[in-house]
Amino acid sequence: MILKINNLVKRYKDVLAVDNASISIAEGEIYGLLGPNGAGKTTLISTILGLTKYDEGSIEIFGKDLKKNEYEIKKEIGIVPQDLAIYLDLTAYENVEYFGRLYGLRGNLLKERIEEALNFTGLWDRRKDVPKKFSGGMKRRLNIACAVMHHPKLIIMDEPTVGIDPQSRNLILDSVVKLNKMGSTIIYTSHYMEEVEAICSNITIIDHGRVIAKGTKEELKSMISFEERLAIDISSVNFNLVDGLKKVIGVKECSLNGNKLLIISEKNANNLSRIIDVILKMDVEIKGLNIEKPTLEGVFLTLTGRSLRD
Amino acid sequence: MTIFNFTIRRIMRDKGQLITMLLVPIGFITLVMMLFSGGQFNMSIGVVDYDNTEWTQSFINSLDNKGIIVSIDEDEIEGKLLSNKINLGLVIPKGFTDDVVSMENPQIQAYSINETDVTVPVTIFIDNFLAASKHIAAAADGNIDTFNKGISLYINGSNNVKEAFYDVGESKGSTVSGMGFLVMSMLYFSVSASGIIMEDKEGKTFYRVLTAPVRLREYMLQKILSFLVLLQAQVITVFLLMKYVFKMNMGPSLFNLLVALFVFSIVCISFGVALTSLSKNTRQLSALSPILIIPMVMLGGSFWPREIMPEILIKLSNIVPTTWILISIEKILYGQNLVSITTELGILLMFSIVFFLLGTWKKTEIEV
């Protein structure tokens, strides 16, 4: 195991930020850490990086105890922080050089690695520019270049795609897969379940500091296969509608997102005609209907009763 | 030394920092020079000579190049000082020369409204003249002719004798004022430079640096070292400008001034670090710095001599570091050595310890 967290507890006064979390990550994985904002993902990462002291439990990275070998362990970790952590007054080249030097790279090796990291993120041609002139996506890519240039064994990516355009997001997701193929183990945190679903092999879902589920994508989805999920596009919103649908036999959960109704129903409840009836009786027109396959979003919704983006 | 090198690089690229570092002190010193050269100050010295000997005449003549000498009566002194007709009143008592020759310790009484930059050089000159006279009296061994001959040689004569006493011929008023503004700029620059730590925290690079194999103390040490180097660069640049461009009188020992200002730069940095640590964000830091720095430099005597302030403010000024550096600078400018300012330097170091403790008192955990 490249990372082993056992019964980790972190408290901020009365708030339990990490509640008895246990996670094991094998070498070579892209490991997804999924949870809504404020679930405790960043606290967990700060703890792994030795920035936040924990109250109970233990953390082992590369088979070494973090508390005793923090300095040594950090040399082999790369972090892509949630917020852009680059110097806006240094050029792209200097930014990568700075972090390379902090990891002990010097001379020709340093130069080679800077070129490699900037090429990897597609920023070599803009190396002499300061990030002030960059788009959001380019800044995010520079954020990654600074994290990977020292060839870390473990790369932690904390919400690396927040607030960027779809093209840059795809580039970043591709680069995550490439980095993994090049030999790095990756911890990828996000509240975008589709990203985690696309690239991660194993996933842990966190909420309120607790690990509420973990396993492969398939294992997690099988947890909710005893339910049916119905997505209905409607013409207008009627606030009595949700209450009316919740009363239908077999309906476990009903939520409204814009003009889209999401209904979770017990499997084989045979209540579809009754649901349609309730909607039509309220003078709401049905524009479309889709019976959804289980997703990680669905897993989260089932386990916590709320959406990942809440 | 990556953090050290890159911090210097970043500060030197920041126009705002460069303005605070160099343009502000240079601007103020230029202003001071314009004020000092615009109206050449001619001091009036009222002299009452009850002794009226060859020595007292020599002494009065030697004062001639320090200001306009006016012969007055003793009872006129107070009125003329108050009406600003004279700036300094001197009374040479009867038998003064005999007392000097016989190696006693006679006193010339000096009157002024306040001991300002203008009168200080003259009183120091008088002290030196008396000290020289006593040396010559000792050599003359009570012989008045030999004594007068020695005094004459001292005034007119050989370079050997002249060099034994440092030059107080030029007024150092403009230098002291210039130093006052340099001290103010050092404080401003150190707070502005320390703000880079705050920027790092706000920009999250602080957090990122600490995820690398870098300890918090290494980070702080390299930052502080870079600020210290830049403050020395600021001091040296301003010194060179004062000495070679503005031709200011920098006193007998530039080295001693540099040592004193080095100690003060430690105070400035600790002050900047404390302020950075206690401020919530760069906005608060920018708002706090003038609120704290301006009263400090006003009380300390950067804008005017401390002596002209009310007694209560003079007492209050003892609790600001600017007072102690300006006292040290003034002492050095008027020829005193480093040993004579050890108390002031000690007090300055105490200030820096207090500020560093304030700066490190908060937070043991890094906030992400």
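Glycine residues also receive a Cβ, built from the backbone N, Cα and C atoms like all the rest.
Annotated transmembrane segment per TrEMBL: B:18-36 (among others), in sequence order. Long-range contacts of the transmembrane segment (B:18-36) within the same chain: residues 11-12, 173-174, 177-178, 181-182, 184-185, 188-189, 192, 230, 233-234, 237-238, 241-242, 246, 248, each at least 6 residues beyond the stretch ends and with a Cβ under 8 Å from a Cβ of the stretch.
Per TrEMBL, the feature domain 'ABC transmembrane type-2' maps to B:137-366.
Summarising the annotation, TrEMBL assigns transmembrane segment to B:179-198 (among others).
According to TrEMBL, the feature transmembrane segment maps to B:224-242 (among others).
Proximity of distant same-chain residues to the transmembrane segment (B:254-275), defined by a Cβ-Cβ separation under 8 Å and at least 6 residues beyond the stretch ends, is recorded for 182-183, 186-187, 189-195, 197, 220, 224, 227-228, 231-232, 235-236, 239, 243, 285, 288-289, 292, 321, 325, 328-329, 332-333, 337-338, 341, 344-345, 348-349, 351-356, 358-359. Residues or ranges marked as transmembrane segment by TrEMBL: B:254-275 (among others).
The feature transmembrane segment is assigned by TrEMBL to B:287-306 (among others).
According to TrEMBL, the transmembrane segment annotation covers B:341-361 (among others). Beyond the transmembrane segment (B:341-361), the same-chain residues lying 6 or more positions past its ends with a Cβ under 8 Å from any Cβ of the stretch are 260, 263-264, 266-267, 269-271, 273-274, 276-278, 321, 324-325, 327-328, 331-332.
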Residues from the same chain, set at least six apart from the ends of the transmembrane segment (B:287-306), whose C-beta lies under 8 A from its own: 114-117, 180-181, 183-184, 187-188, 191-192, 275, 279, 313-314, 316-317, 320-326
